[in-house]
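Notes follow the structure.
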Amino acid sequence: MSHQHTLPVTVPAVVQGPLKTVCSPDHIQQEQAKQPTPHPTQCQVFTEIQEKGFPKHEEKRPNPVKDLPDQKCEHQQQPGPQKQQLQVKKSQQELQEQELHLEKQQLPQEPQGLLCLEQQQQQEPQMQEQHLRQQQQQQQQQQQQQQQQQQQETQEQGLCLGQKQQQQQQDMLVPQELHLRQHQEKLQDPELHLGQQQKTPEEQKLIPGEKQQELHLGQRHQEPQEQELHLGQKQKQKLHEPELQLGKQQHQKPSEPELPLGKQQQESPEPELPLGKQQQQESPEPELQLGKQQQSHEPDMAGDQKEKQKLHKPELYLRKQQYQESPDPELSLGKQQHQECQEPELQLEEKQHQKPPEPELHLGKQQESHEPDMAEDLEEKQKLGEPELHLGKQQQQQIEREGYQGPKSLGQSLKQEKASREQQLDYSHLEQEKELSDQPLDQALVKKGKQLERKKHELENRTQQEK
């Protein structure tokens, strides 16, 4: 390109020189055809064209054309001027063709550069959008994964908590069930024990070791009976002393004074019975009052009282059976002896027996009217006094028989007296053992009564203070 523009400038100096130079573009074209120049980028070509500019070439072109007519005028004398002009024209035409060719090449390159720029500008936001979309998709995927992990963790935690709660509930239920079973077994134990006690009263009657069982049962009785027992012992001793004296007198004296002595013996137990009844009347009254106070002031003790009553019921039942069964043989003996005795003796004895029970009946009526709950205790204690009367009757009958038989039957009477005394001693021993066995329960009840009285006093003091 640069050679093509500079060659026409050297033409005015020598005519032949420019001719040679004019011919040179053919060689240049051939060389360019052989060695194709590397096409610059579209953007570079566009900038070079702007920098160089086409009007400069156009300005330089007319200069050789203007100079050529002058040269022709000056060198008309030289041979072959026409040929030279033709060559110049040809060279000019070639130059114009080359310029046109270059312009044609440059014109399509300019829009290509613009297209590249436009494409790049269009592609950049698309690439950015794609990149943003990819980032958003990645973020969404990460969030979904995190949510799934959180859900799994929460589910695992919920399962763990549910398992722990179930284990805790099972751990709590197992000891509770064991405790309930133990409590039920404990409740069943006394029931079984009571059932065994109720089943074995008949067996205990046949077994000679009644004393041990009675002691075991008697450990739950009440203290107020101690005084009654002491009084009963004293009364028994008093009864035995006149009986012994009577026996001695009977051996020494005839049978005539035996009747008034028998009457005295029958009359002697009369004051004993009212004393026992008075004690019975006096002793249970505070117990009943204490029970009422416990129900009024201490409702919590109701369950304990019920349990104790349940425990005492079989014992009372056993004792009733024992007392009811013990006097049966004595009664049968007494009936036989009374039938054998003479009629006047029976009349006297009936009169004597009819007189003392009258105040006893009045007392019994009063007790039933004022204290209906204590009827069972009174019956039991009256039964205790009955064997003593039967023994007195037996002694009187024996003495009367001996008096009628005379001195021949003294040996038999002595034997009978010894046997009766032994029976009385055995009976007294049994009663003493029963009384001793009843003492510990009596003490416990007395203590409870004292505690209740203290609580009453405290409550009364509080009520007074509040008033």
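Any Cβ shown, glycine's included, is placed from N, Cα and C.
As recorded in Swiss-Prot, the features of this protein are as follows:
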{"type": "REGION", "residues": "48-467", "note": "region 'Disordered'"}
{"type": "COMPBIAS", "residues": "49-75", "note": "compositional bias 'Basic and acidic residues'"}
{"type": "COMPBIAS", "residues": "76-95", "note": "compositional bias 'Low complexity'"}
{"type": "COMPBIAS", "residues": "105-177", "note": "compositional bias 'Low complexity'"}
{"type": "COMPBIAS", "residues": "178-192", "note": "compositional bias 'Basic and acidic residues'"}
{"type": "COMPBIAS", "residues": "220-231", "note": "compositional bias 'Basic and acidic residues'"}
{"type": "COMPBIAS", "residues": "278-290", "note": "compositional bias 'Low complexity'"}
{"type": "COMPBIAS", "residues": "295-318", "note": "compositional bias 'Basic and acidic residues'"}
{"type": "COMPBIAS", "residues": "348-373", "note": "compositional bias 'Basic and acidic residues'"}
{"type": "COMPBIAS", "residues": "380-391", "note": "compositional bias 'Basic and acidic residues'"}
{"type": "COMPBIAS", "residues": "415-437", "note": "compositional bias 'Basic and acidic residues'"}
{"type": "COMPBIAS", "residues": "450-467", "note": "compositional bias 'Basic and acidic residues'"}
Reduced to three DSSP states, the compositional bias 'Basic and acidic residues' (178-192) has 15 helix, 0 strand, 0 coil
Can you break down the compositional bias 'Low complexity' (105-177) into helix, strand and coil residue counts using DSSP?
73 helix, 0 strand, 0 coil
Residues of the compositional bias 'Basic and acidic residues' (450-467) by DSSP state, where helix covers H, G and I
17 helix, 0 strand, 1 coil
